[in-house]
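These come from Swiss-Prot:
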- Asp59, Asp61, Ser63, Glu65, Glu70: Ca(2+) 1 binding site (BINDING)
- Asp99, Asp110: Ca(2+) 2 binding site (BINDING)
- Asp135, Asp137, Ser139, Thr141, Glu146: Ca(2+) 3 binding site (BINDING)
- 10-45: domain 'EF-hand 1' (DOMAIN)
- 46-81: domain 'EF-hand 2' (DOMAIN)
- 86-121: domain 'EF-hand 3' (DOMAIN)
- 122-153: domain 'EF-hand 4' (DOMAIN)
- Ala1: blocked amino end (Ala) (MOD_RES)
Amino acid sequence: AGAAEDLSKEQVQMLRKAFDMFDRDKKGVIHTNMVSTILRTLGQTFEEKDLKDLIAEIDQDGSGELEFEEFMALAARFLVEEDAEAMQEELREAFRLYDKQGQGFINVSDLRDILRALDDKLTEDELDEMIAEIDTDGSGTVDFDEFMEMMTG
């Protein structure tokens, strides 16, 4: 799961706005029972139980109140996770485009095209190195798991 430092500037600003909205007394804290409302407002879906466990973990003194930093750390777990899922979906799409026969693998020349499309500054040597690292068995093909491992590793 994510950490607060993985949040984008926009996400931090969005969380700050939401936090301030629920910090009615401007004490710099929100009540832990507000957290699920805020997360839902931000379009997050989650299991209540997971949220309760997280709150217990973050609100260590059991005060029932969270400061902005604590709230951010908690929200990051949900927001960053969603980004990771979205990224995985995009990578799956990229993989599918090249796996035209739906065999579950692509050949290394297709992989080279994908890598070049993602980063046009890569040299041929760097591409060769990356491919050698992924295609560890030298089969000339890369399956989706190997591909994901390389892209997210």
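Using the three backbone atoms N, Cα and C, a Cβ is placed for every residue, glycine included.
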Those binding-site residues, out of Asp59, Ser139, Thr141, that come within 10 angstroms of Asp110 (Ca(2+) 2 binding site) at the Cα = Thr141
Rounding to whole Å, the Cα atoms of Asp137 (Ca(2+) 3 binding site) and Asp59 (Ca(2+) 1 binding site) are apart by 48
Per the Cβ under 8 Å criterion, with at least 6 residues separating them from its ends, the domain 'EF-hand 3' (86-121) contacts 127, 130-131, 134-135, 140-144, 147-148, 151-152
Which residues, in sequence order, are found in the same chain with Cβ within 8 Å of the centroid defined by the Cβ atoms of Asp135, Asp137, Ser139, Thr141, Glu146 at the Ca(2+) 3 site, excluding those residues themselves?
-> Phe105, Val108, Ile134, Thr136, Gly138, Gly140, Val142, Asp143
Does DSSP give Glu65 (Ca(2+) 1 binding site) helix, strand or coil?
-> strand
Measure from the Cα of Glu65 (Ca(2+) 1 binding site) to the Cα of every one of the binding-site residues Asp99, Ser139, Thr141, Glu146, then give the nearest.
-> Glu146
How big is the gap, in Å, between the Cα of Asp59 (Ca(2+) 1 binding site) and that of Glu146 (Ca(2+) 3 binding site), rounded to a whole number?
-> 39
Local Cβ density at Thr141 (Ca(2+) 3 binding site) - other Cβ atoms counted within 10 Å = 17
Count up the helix, strand and coil residues in the domain 'EF-hand 1' (10-45) according to DSSP, in that order.
-> 23 helix, 3 strand, 10 coil
Tally of residues which DSSP labels helix, strand or coil - the domain 'EF-hand 4' (122-153) = 20 helix, 3 strand, 9 coil
When the Cα-Cα distance from Ser139 (Ca(2+) 3 binding site) is computed for each of the binding-site residues Asp61, Ser63, Asp99, which gives the smallest value?
-> Asp99
Looking only at the domain 'EF-hand 2' (46-81), mean pLDDT returns 89
If one looks at the chain holding Ser63 (Ca(2+) 1 binding site), which residues at least 6 apart in sequence have a CB under 8 angstroms from its CB?
-> none
